[in-house]
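S.K.: If you scroll down you'll find the structure; I have some questions about it.
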C-alpha cells in the first residue's frame, strides 16, 4: 500500500501540468533543465519496487519462510540506502533546480525582447512561462515595467493598470512552484523511510521467531 501511494504521488508530480509545460520547453537547441525529474524518477522506482517487495514480504510471512523474509529485509536495506542517497542529493540540489530554471527563463526573456525575436522561439517560451505561472517578467527593473510596455508577453488583464498592479515576477513564481513540489517529495520520502524502518524491524523479529520456533 505504501509503495502504491508513493508511486501514485510520483506519477502525479511527473505529469503535473505546470511542471511539464515548463520543463518540456526548448529554446533553440537548448532544452529546459529537467534535473527536477531525477528525484521524481527515483520516487517512481522506489514505489514500484516497494510494491513488489511488499508482496514478497507478505508471501514470506504467510509461508513462514526465513529465506523470503531475509530477501525481503535485504531488499528493504538496499531501498533505504538508495532513498537516503537520493534525499541527500535532493537537499544539496534543492536551490540549484529553481536557479537553473530561472536562468533558462532569463535567456528566453532576453531573446523575446530582441528586435529579431521573430526568428527564434524565445517569445513563445516566455509566454508559456507567463501563462502557466500567471507571472510577468524577471526579478529586476525591466521585469517590473514589462507589463506596461510589452503587454503582448504578459497574461491578459482587464486593463493596463490592473496588469501592472497584479503582475508577479516569474522568479518568485518559479521558486514557489519547485519549493512546493520538493517539499511534497521530502514528506513522501520521510514517510517511506519511517515505514521501511518498521518493516525491517518487524521482518527480523518474525524471521527470528520462526527460527526459534519449536516447529523448526
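Each residue, glycine too, has its Cβ placed from N, Cα and C.
Just so it is clear, the model here is predicted, and its values are computed rather than measured.
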S.K.: Which stretch does TrEMBL mark as transmembrane segment, out of 36-62, 117-143?
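M.R.: Residues 36-62 are the ones TrEMBL records as transmembrane segment.
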S.K.: Give me the count of other Cβ atoms within 10 A of the Cβ belonging to residue 135 (disulfide bond).
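M.R.: 22, counting other Cβ atoms within 10 Å of residue 135 (disulfide bond).
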